[in-house]
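Student: One structure follows; several queries about it will come next.
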Amino acid sequence: MALNFVQSFLQLLLVFAFITAVASDPDITSDFITPAYFLSVNGTFFTFTGFRNLPDPITGTLMVTKATLVEFPALDGQSVSMAVLKFPPGGINPPHTHPRATELLFAVSGTLEVAFADTKNVLYTKQLQTGDMFVFPKGLVHYQYNRNHKNPAIAISAFGSANAGTVSVPNSVFGTGIDDEILAKAFKTDVATIQKIKSGIASP
C-alpha cells in the first residue's frame, strides 16, 4: 500500500501544474506566508505527515483525510490542497460542491463511479479504473460512488485552492432549517415526505 501511495504522488506531479493554472486563491507578495505563532521556520513547516498510516474506514462510512490550510498552514497563499478518500465497499461521497476550487481526482485502487452536473443540468458520468483521473469543474455538484460491494477503493484529490470548501447538497438543503413547506413546494411533494427525509439526514 505504501508503494501505491508513492507512485500516486509521483503521478500527481502533473496535477500541480494543472492546479497552478486554475488556482483561485489571491496571489501573495512574498515567497510564503508564516503564521504569527511560528517563531522560526525550517523544513518541518513545509512538511505534512497526516497521510502516514491512514486508518481503514468504518464499515459503510467514507473516510476523508485532508491536507488543507487548516491542517497544513504552509499552504496559505499557495493555491493547492489535497485529500485522501478511502471508500468502503459500497461507500459514497454524497453530492456536494467545492465553491472555491476545481478538483482533480486520481483513482489509486479499486473502481469508482464519478459524476458531475453542469449548469445546463447535463450529467457527466464515468466508471474510473485504477490509475484514471477525473476533473470536477469548480463549483459544480458532483459525487463519487464505490459500486463494488466487496472491495474498497482509494482516491487522492487535488484542489486548486488551499481552502476549497465543501457544501454537502443533502445537508445544506435538508439540514439547515429551511422551512418544510418551502421544500415541499420546491420538490413538488408534501410536508410529511420532507420531514421523513430530514429525519434521515439527521440520523447518525
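A Cβ is built for glycine as well, from the same backbone N, Cα and C atoms used for every other residue.
TrEMBL does not curate its annotations; it predicts them automatically.
Grabbed the feature section from TrEMBL, which reads as follows:
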{"type": "BINDING", "residues": "ASN93, HIS98, GLU103", "note": "oxalate binding site"}
{"type": "BINDING", "residues": "HIS96, HIS98, GLU103, HIS142", "note": "Mn(2+) binding site"}
{"type": "DOMAIN", "residues": "52-195", "note": "domain 'Cupin type-1'"}
{"type": "SIGNAL", "residues": "1-24", "note": "signal peptide"}
Student: Could you tell me which of these binding-site residues, HIS96, HIS98, GLU103, has the fewest other Cβ atoms within 10 Å of its Cβ?
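Tutor: Among the binding-site residues HIS96, HIS98, GLU103, the lowest count of other Cβ atoms within 10 Å belongs to HIS96.
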Student: Rounded to the nearest Å, what's the C-alpha distance separating ASN93 (oxalate binding site) and HIS142 (Mn(2+) binding site)? Just drop the number here, would you?
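Tutor: Pair distance, Cα basis, whole Å: 9 Å.
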Student: So around the Mn(2+) site, HIS96, HIS98, GLU103, HIS142 aside, which residues have their CB within 8 A of the centroid of those CB atoms?
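Tutor: Other same-chain residues near the Mn(2+) site: THR97, PHE116, PHE136, LEU140, VAL141, ALA164, THR166.
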Student: Reported as an integer number of Å, what is the Cα distance between GLU103 (oxalate binding site) and HIS96 (Mn(2+) binding site)?
Tutor: 12
Student: Quick check: with ASN93, HIS98, GLU103 left out, which same-chain residues have Cβ atoms within 8 Å of the centroid of the oxalate site Cβ atoms?
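Tutor: After dropping the recorded site residues, what remains is HIS96, THR97, LEU105, PHE136, HIS142, GLN144, SER157, PHE159, ALA164, THR166.
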Student: For the domain 'Cupin type-1' (52-195), report the average pLDDT of the model, please.
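Tutor: Over the domain 'Cupin type-1' (52-195), the predicted model scores a mean pLDDT of 95.
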